[in-house]
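S.K.: Below is one structure. I have some questions about it.
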């Protein structure tokens, strides 16, 4: 309720008035000397350096004063009028009920939510319906709902608002969206072209002038029709001459088709001769596939042998790959040459020709598959060259700015290091980096996680994985590396024996802030280095042997 002063039914006893503010007590407090004051008035006295009672001069203190409940009950029992008696409210009651009455009093001030105007509660409903400038009104023309204050502006663009003809023909109340149709179809003041415009008449005038023009221009319109008829006749003669020339060319094309048929017969003979070469190419592709199978077996052997054997077999496999790639190139050239010998005839091919094409296409597909397998084998060799077996790995991340942009646009949020091993026959692991962060570090930090992968020796290794992992972001200016140690949680699914290709990554979502990375020397030449060391001081189980 507002701050209007409350009037009481009876004259107030002076003992219920605060000696400081001279108003009825509000939260009366009694001091140690027995005098009473409003709580706020007492607080003002106590803020003095040496507070004293204004009545008897005795020293007063907060600790020796108390809330006078008895006096407060007397005050709340006082009968009074509503604060808005002057506005017409007839309510009377005890002072303690004034606030509750004010929450429903029809004469108290309230604010309109729409326009923020202040008014008595009893006037609010009528204001909302009839007076509020922001009340919702319905356009009588198009039915759209708009604010009452914006109704006039709406009429300026309303598609159904009635307006007079803009060409002043005298017609009124035309809906705005039908004005164009009115001018095109019926308005006598619209400018329209003559019906003979297609034949060259230049007349354009008001609709009511058109009929007079037609009646007065019969001779000129006939002249235009005669001229148009003559031009059509000349054009027809030209078309007949052109048709004769086309027929002559068609006769020449027939002779050319005969020559093409002769060439096609010769080409068929040549294709039959080439079929033997195609069969030979298919056999070579089969041999190449056998070589690939051997390479794959050798690649698996590389992963299970000692370092010096790996080096020797690596050189041998790479040399074989080069030879296979040379053979594949030669095969592709031969197939391309065979395909180019087939002409493009003007009549449908025979079934024999189509079968030859299918065979050529199948050979090319096999060759493409062969080259794909060669590429995959080369990639596998490169991964073997980068593999580490002692729990220590240096991850070189090239083109970091591009990888960061990919993460920022959520095209590729995470990148993974090549897998490495904790011991020759140990755990297979990897490292995941999120350039734009993950979890609580998303958008502010670089996140770094450790990933346990499914390996060849998981069946004989102890689980869960509990070895400490040390991450080190290398400062290429050699000032300060950023180091953090990851302690695996033995109860986490991230450290259990993998049942899929890799476990859920676990590590540090706030490894280093984006700001710190850019300030230091951690990225040079768009390249970042991360050292990963798995603690092998006390390897468990099979790793200790």
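Each Cβ is built from the backbone N, Cα and C atoms, and glycine gets one as well.
What TrEMBL records for 18-56 is domain 'RING-type'. What TrEMBL lists as domain 'TRAF-type' is 100-152, 154-211. Residues annotated as zinc finger in TrEMBL: 100-152, 154-211. Per TrEMBL, the feature coiled coil maps to 314-380. Sequence annotations record features per position, and here TrEMBL assigns domain 'MATH' to 390-534. According to TrEMBL, the feature region 'Disordered' maps to 485-507. Here TrEMBL flags 490-507 as compositional bias 'Polar residues'.
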S.K.: What same-chain residues lie close to the domain 'RING-type' (18-56): Cβ under 8 Å, and 6 or more beyond its ends?
M.R.: 6, 8, 12, 62, 64-68, 71-72, 75, 78, 95
S.K.: Helix, strand, coil residue numbers for the domain 'MATH' (390-534) per DSSP?
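M.R.: The composition, in the requested order, is 24 helix, 57 strand, 64 coil.
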S.K.: Could you give me the DSSP helix, strand and coil counts for the zinc finger (154-211)?
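M.R.: Result for the zinc finger (154-211), in helix, strand, coil order: 20 helix, 10 strand, 28 coil.
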S.K.: Please work out the mean pLDDT for the residues of the domain 'TRAF-type' (100-152).
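M.R.: Residues in the domain 'TRAF-type' (100-152) carry a mean pLDDT of 86 in this prediction.
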S.K.: For the domain 'TRAF-type' (100-152), jot down how many residues DSSP puts in helix, in strand and in coil.
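M.R.: Output for the domain 'TRAF-type' (100-152) reads 19 helix, 12 strand, 22 coil.
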